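Taken from TrEMBL, the feature transmembrane segment covers 29-53, 65-84, 114-138, 150-177, 201-227, 256-275, 295-323. Marked as domain 'G-protein coupled receptors family 1 profile' by TrEMBL: 44-320.
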Amino acid sequence: MNTSGSSAGRVTFDSLISYDTAKYICLVYYVYLGPLVAAFGIAFNIINIIVYVSQGFRDSVNISFITLACSDIGGLLSALWYGIGLNPDFVRLVNYAYSPSEFMNFTAAWPRAYFSKITCWITVFITLERCMCIVAPLKVKTLLTPKRTAVCMLVLYCLGVIITFPHAYLNAVFLVWKFDLVSNRTFLGFGYGPNYHKIDLIGGFINTMSIIIPLGVIILSTGLIIVELQRKSLWRQSVANSGGAMDAAFVKRDRVVFKVISVLAFLLIICYLPHACNFTAYAIVPDFSLTGKYVLLYGVMWSVSWISEIINSSCTIFIYYFVSSKYKATLNSLRVVTCLKTLILLFSAKKNVWTQL
């Protein structure tokens, strides 16, 4: 497949990556590894929801963590469906009823992008809330009540729809039945409205800013949290050394808060960096698109972003469990954990019996 430009010295995707290499990378990330990690991530986030619902809604941060888990589940379900829909065996099973890249981008990749934004924004909200709790704790408790936090989460979800899907609700991109003369069959694929290029340009810029700005906010707010926590921890440590058990508990709490926020923020920044780079390239490089000259590189770069975001959405349970003692205690007290431990023991016992036969 050769789509090299005619101009001398022009860099083409053929010189950057071969078709076979791009196909293999995308197949592994999208079809095999992505759905596998997503399946585990869905189960983990369901456990997260159960834990925070069990802890109650009096603490507003629990509502934020629940909506974060819901967003992660939505994104992981989209990733799971995307992997199924791109699987060559499934495409043959449905008799090539759709264009895999176009149909799955419309029904799975765009929803996944939507939930990725929501996950990023909720993490920004949590980080800012924790930052305000450290800087002005008394004001935050009265300002961010559980009810107001729930309203903020709803606003974020609605705003995400407006920003992510302008192509759909402005009728710039839609699904239509197409006919292929070579194979003599009809299939679902993209249809483009007359306003596609204008909306695509504006939408690309907005989507880029909707990721880059939140990442910048997370970095700044996390830095402020670190500075404030270190300053207050030093002060409380000096007070605790005088014999105050209550102040020693405050020092320990500060360390836990510091660890949770730092790990969550660091993980999000690392996992969303490819996403931000891809949107930036999409906005400034005309041929870096699904229909452009760099389509192979475009697919590979988005597959890297895809799997990194799936990992981010799937591993929060480990951060909560190993850093938050309250989460760990609640999880260990749940019946679902007891059932899982029982199943593991039964499976291990059954395996030992079979090995002895």
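Every residue gets a Cβ built from N, Cα and C, even glycine.
Because TrEMBL annotations are produced automatically, they should be read as predictions rather than curated entries.
Worth saying up front: this structure is predicted, and the values here are computed from it rather than measured.
Looking at 29-53, 114-138, 150-177, 201-227, 256-275, the range that has the most CB pairs within less than 8 A of the transmembrane segment (295-323) turns out to be 29-53.
When Cβ-Cβ distances below 8 Å are used as the criterion, the transmembrane segment (65-84) is approached by residues 30-32, 34-35, 38-39, 41-42, 45-46, 48-49, 52-53, 90, 104, 107-109, 111-112, 114-116, 118-119, 122-123, 126, 150, 153, 157, 306, 309-310, 313-314, 316, 320 of the same chain, each at least six residues removed from its ends. When the stretches 29-53, 114-138, 201-227, 256-275 are ranked by Cβ pairs under 8 Å to the transmembrane segment (150-177), first place goes to 114-138.
Mean model confidence for the domain 'G-protein coupled receptors family 1 profile' (44-320) is a pLDDT of 85.
Through the fold, the transmembrane segment (256-275) approaches residues 116, 119-120, 123, 126-127, 130, 134, 211, 215, 218-219, 222, 225-226, 229, 233, 301, 304-305, 308-309, 311-312, 315-316, 319-320, 323-325 of its own chain, all at least 6 residues removed from its boundaries and within a Cβ separation under 8 Å.
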